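Quick look at what TrEMBL lists:
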TRANSMEM  72-96  transmembrane segment
TRANSMEM  127-146  transmembrane segment
TRANSMEM  166-185  transmembrane segment
TRANSMEM  192-214  transmembrane segment
TRANSMEM  220-239  transmembrane segment
TRANSMEM  251-267  transmembrane segment
TRANSMEM  287-307  transmembrane segment
TRANSMEM  327-347  transmembrane segment
TRANSMEM  367-384  transmembrane segment
TRANSMEM  404-424  transmembrane segment
TRANSMEM  462-486  transmembrane segment
DOMAIN    517-679  domain 'STAS'
Amino acid sequence: AVTLMTQYVVARPLYSEDAFADEHEKIHRHHKTLRHHVKQYFTCDLKRAKNAALSLLPFIGWMRIYQLKEWLLSDIVSGVSTGLVAVLQGLAYSLLASLPPWYGLFTLSHLFTVLTAFSLPTSPLSIHWAFPVLSLMVGAVVTRLVPDEGPPVNITGFEGLTSDEQRVMVAASVTFLMGIMQLAMGLLQVGFIVMYLSDTLVSGFTTAAAVHILVSQLKFVLGLVVPGLSGPLSIVYTLEKIFVQIEKTNVCDLVTSILIMGVVFIVKEINDRYKAKLPVPIPIEVIMTVIACGVSYAFNFQVIYKVDVVGRIPLGYESPMAPNMQIFGQTAVEAFPMAIVGFAVAFSVAKVYSVKHDYIIDGNQELIAFGASNIIGAAFKSFAASTALSRSAVQESTGGKTQIAGLLSALIVMVVTLAIGFLLEPLPKSVLGAVVIVNLKGMLMQIREVPHLWRRDRPDCVVWVVTCLASILLGLDLGLAVGLGIELLTVVFRAQFPRCSVLANITGTDIYKDRKDYMSIYEPEGVKIFRIPSPIFFANIDFFRGKLVEAVGFNPLRVLRKRNKALRTIRKLLKKGELQMTSVSSGVNWNSELPANIQVPRVDVHSLILDFSAVSFLDISALKGLKAALKELIRVEVEVYIVACDEYILEKLHSCKFFDDEVKSSMFFLTLHDAMLHILEKHPVNSENTKVCEKV
């Protein structure tokens, strides 16, 4: 057992007055210049060319290691299963986008789009697929420019087109613009932007999107004619229009929807519960679709019960179309959040499976992949697509290993588009609406996160609730902006008002923790240890100084002013002869009793340690404020030590001429314990106290 007092021999300042330059020269002699970085960036050799090719075309890498015997059969089974589900969901999500149903098949199966989505992503389980949230955002743009009631917006290129053709032009153009944005962000290497969308924000946003989707599908489930609306409070106006004509509900549509939702929900629960025992999930949506088509055709639902059906599905693909530049100007504000949301969702899904299957993904390459896919798809009248966890989960659960499964699923959709799409013409739209609603379960159940967030992290809970409510009431684009603003405010709030603490030594160790959290602690008399767990910058330097004053228990500036005033009083008394000096003294002992009833605030702290282990940077304003605070403490005879400071901060302090005759570089120590040993050496305490800090 050794006491803290006997360890002082190892405690020395991190830097002496003149050592920094020599130390800096030894350790930091070589700094790469901008010229060096540019030269390195543009240097090309065989290895870099090979890496660039594999980076731009990731499929080359995984095709080289493709295990034909082990993976091919699994990919075929997965591709067929996923493709059957894709047909139904493609039709359903077209309704969300306010487009004719068959355009969803174009989104999933066009040859050039499929090949692009096959070759460019870094995630083998990344599928270029219609995603309900994006489909709904496209639908909001479509209904704004081409409303159900009233004339469309005056746009060159709409002349001579039907309402459906105008809507297709709008959807394709906004998708093209979204793809350009994604491709540009990928090429500019700004994939990190998605990091500003936290899981909490995305959860609240997608929950609100699920509410919008649910409301948008009620008109199909109830068989009502409700015009599509967009903009703030559109969900309220839509509900109003639904309830106004609720007595006109088509009973056949309602019964069909309830039956479909009940059966699909039950079988999906069975799939989840017994997924370990089932070779492949039961494709209940496909089964119910086939049954619904057969029953609708046999009993002529469209004529007898006035049921709205999918109707004519033209065979084959339509000719390509150039985007409308005027629509670009009308939809740029909506296209950007669509690009961000599409990438955020796709990247989140890719991260889940990259961790699970141990492969590396590149966010910038994923941006390039989805941008290129959306650009090419839009040219062939597809609408915005991304990746959804549910479809990737289907592919993975059915044994899919690589993009081969995604390619085969697209081929299944292609067969339907080219040859057998007419078999789906009698399908009631209420069935599609019911399938969409059942598949919202996962997104709607995210609301269960709110109580957990409230207990664990209330600022995050506020982000979730505000994002969700704003997205529901104001629309998805404005709601996302509001949510992002609130999220950034919480970051600023956490950084501006961090939880500062006073530390103490844990008895018998060299560990220092918040004194409020422990009972068996040792605090040497006259020593304070203050910790700030955040960067120090212009916005929180005043907060830092205020908390520092609270920690030491006195305001050094006020004490200094009181002492100066007392000195002036003492000089006057000496000059008048009312006070006599009994001995020669180098200074005033301010903690002793002063003559003539002079009162000065007592300072019981002789040493202050600032723990900078969590301080990642200081700006110029913080440097000025910190230096002023240190000088105030030093002038009231408090020794200040800074510990665990990042070397780059030290370098910045020297380059900014932080040190002078009062604030010296010798105040820096490598560890908190070293500084404490140095203080105990300089200010010995009695043996009874040192025994408390005995270290085993």
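Keep in mind that glycine also has a Cβ here, set from the backbone N, Cα and C atoms.
All annotation found in TrEMBL is predicted automatically rather than curated by experts.
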Task: Contact call for the transmembrane segment (127-146) against the transmembrane segment (287-307), three or more Cβ pairs under 8 Å - done: no
Open item on the list: With pairs fewer than 6 apart in sequence excluded, do the transmembrane segment (166-185) and the transmembrane segment (327-347) have three or more C-beta pairs that lie under 8 Å?
Closed with: yes
- [ ] With pairs restricted to those 6 or more apart in sequence, evaluate whether the transmembrane segment (72-96) and the transmembrane segment (404-424) have 3+ C-beta pairs under 8 Å.
- [x] yes
TODO: Mind looking up the mean pLDDT for the domain 'STAS' (517-679) in the predicted model?
DONE: 88
Task: Contact between the transmembrane segment (166-185) and the transmembrane segment (251-267) (at least 3 Cβ pairs under 8 Å, separation 6+) - done: no
Open item on the list: With Cβ-Cβ distances below 8 Å as the criterion, list the same-chain residues six or more beyond the ends of the transmembrane segment (404-424) that contact it, or say none.
Closed with: 66, 71-72, 74-76, 78-80, 82-84, 86-87, 90-91, 102, 105-106, 108-109, 111, 114, 117-118, 126-128, 289, 293, 310, 313-317, 395, 398
TODO: Using a Cβ cut-off of under 8 Å, list the residues of the same chain at least 6 residues beyond the transmembrane segment (287-307) that approach it.
DONE: 88, 223, 250, 252-253, 256, 260, 263-264, 423-424, 426-428, 430-431, 435
